[in-house]
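Take a look at the structure below.
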Amino acid sequence: MSLVAIGINHKTATVDLREKVAFSPDKIHDAMKSLASRTRSGEAVIVSTCNRTELYCNNGDEADIIEWLEEYHGLDHKDVAPCLYNYHGQTAVKHLMRVASGLDSLILGEPQILGQVKQAFAKAKEAGTVALTIDRLFQNTFSVAKKVRTETEIGAAAVSVAFAAVSMAKHIFSSLSTTKVLLIGAGETIELVAKHLKDNGVASMVVANRTLERAQGMCEEFGATAITLAQIPDYLPKADIVISSTASPLPILGKGMVEKALKQRRHQPMLLVDIAVPRDIEPEVADLDDAFLYTVDDLHSIIEQNMASRKEAAEQAELITEEQSYLFMDWVRSLESVDSIREYRNQSMAIKDELVERALNKLAQGGDTEQVLIELANRLTNKLIHAPTQALTAASRQGDLNTLGQLRTALGLDKN
């Protein structure tokens, strides 16, 4: 039994090459079936994201798997080979556990990768490319990733601008279940902010954007309300939290607009987070009572502190993945011993059945019972001791005292 992991990621290859070796969702089902057919066990899982493509196989030949990858995507070996990494056995197990725990991610400890690995495993099960070993490997991996999350602080501290903005909001309001949020912009960063807010159970969201259609498309996903930038003055007084990230060259929220909104709110506090460059919110807003303005620079200082915290947590997480990968390999070895015992018993039973059948035939033909039984005993003894005798002879001739000692112990020769 041999586990193999072969891959390419953001550390080893350019975006251009990563795009070429990626597997589209509509083709990955057939791709896993094709890859599995190149292994002796029929087991394979493909993890393909924007930052990595990795092939996990049981009882597969490394060179054959690499050849399959190159053939599938029509790529030259010289272009792909320098960017590939490969792991075997315990190191392959540990690598998968590190990946699922976010220890190998572009952003250390990011949680999205675990969901992506789970999705890849689910697709492999649908494709029928999962059996005992791969199933146990991935189930153990998910348990390890959960253990890393619960026993370390790897995911507790925000290390992305979007996550940091929402974390700050949670810190100030303690619970977001009763807060109303106004998001300004509809780009990737605001989309991530909306996702984090939804995950944290925010009461309601309004998305303001220059292009209403773009905002509406995003709002459908997150159950938010879409408005234009011109409508912001009408919605601002209702917002407990304002998070803005647009590409506007001029500020969108001025001191006067915010001051008016605060009066309508009867001076209930308002958190404003400006993560745009150049800034979307006039810095003078910070002078207003009840307005708490934070900029992207404030978030970056938080992120830097948190990254240091995550690195400390990562050291603990590495120990967990190391320990758990060895425990998994103990299970693999126990499985191999079970297979060996089963094969040995089946072989012995086959020898016994063959010789008993031969003896019964002789008795049926009128053979002497005593003679037939003696012949059966002799033949059975010779057959069963043939392989051990050869092994003892070979070890003696080679002067391999260690193997000789193990054989003597296994055969019970050293017992008093």
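The backbone N, Cα and C atoms fix where each Cβ goes, and this holds for glycine too.
Bear in mind that the values here come from a model prediction, so they are computed numbers and not experimental data.
Positions annotated as active site, nucleophile by Swiss-Prot: C50. If you look up Swiss-Prot, you'll see T49, C50, N51, R52, S105, E110, P111, Q112, Q116 marked as substrate binding site. Swiss-Prot lists G185, A186, G187, E188, T189, I190 with the feature NADP(+) binding site, giving sequence analysis as the kind of evidence. Feature annotation from Swiss-Prot assigns site 'Important for activity' to H95.
The structure, with features from Swiss-Prot marked on it.
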{"residue": "T49", "record": "substrate binding site", "Cβ neighbours (10 Å)": "19"}
{"residue": "N51", "record": "substrate binding site", "Cβ neighbours (10 Å)": "20"}
{"residue": "H95", "record": "site 'Important for activity'", "Cβ neighbours (10 Å)": "23"}
{"residue": "S105", "record": "substrate binding site", "Cβ neighbours (10 Å)": "21"}
{"residue": "P111", "record": "substrate binding site", "Cβ neighbours (10 Å)": "16"}
{"residue": "Q116", "record": "substrate binding site", "Cβ neighbours (10 Å)": "17"}
{"residue": "A186", "record": "NADP(+) binding site", "Cβ neighbours (10 Å)": "25"}
{"residue": "E188", "record": "NADP(+) binding site", "Cβ neighbours (10 Å)": "10"}
{"residue": "T189", "record": "NADP(+) binding site", "Cβ neighbours (10 Å)": "21"}
{"residue": "I190", "record": "NADP(+) binding site", "Cβ neighbours (10 Å)": "25"}
Among G185, G187 [binding-site residues], residue with fewest other Cβ within 10 Å: G187
Packing count at the residue listed as 'active site, nucleophile' (other Cβ atoms within 10 Å of its Cβ): 12
Nearest of the binding-site residues (G185, A186, T189) to P111 (substrate binding site), judged by Cα-Cα distance: T189
Rounded distance in angstrom between the Cα atoms of G185 (NADP(+) binding site) and H95 (site 'Important for activity'): 38
Env. residues of NADP(+) site, Cβ within 8 Å of mean position of G185, A186, G187, E188, T189, I190 Cβ: E191, L192, V193, S245, T246
Pairwise CA distance, H95 (site 'Important for activity') versus Q116 (substrate binding site), rounded so that it is a whole Å: 15
Maximum Cα-Cα separation (Å), residues T49, C50, N51, R52, S105, E110, P111, Q112, Q116 listed as binding substrate: 15
Substrate site, defined by T49, C50, N51, R52, S105, E110, P111, Q112, Q116: further same-chain residues with Cβ within 8 Å of the Cβ centre: G102, L106, I113
DSSP three-state assignment (helix, strand or coil) for H95 (site 'Important for activity'): helix
N51 (substrate binding site) and T189 (NADP(+) binding site), distance between Cα atoms, whole Å: 18
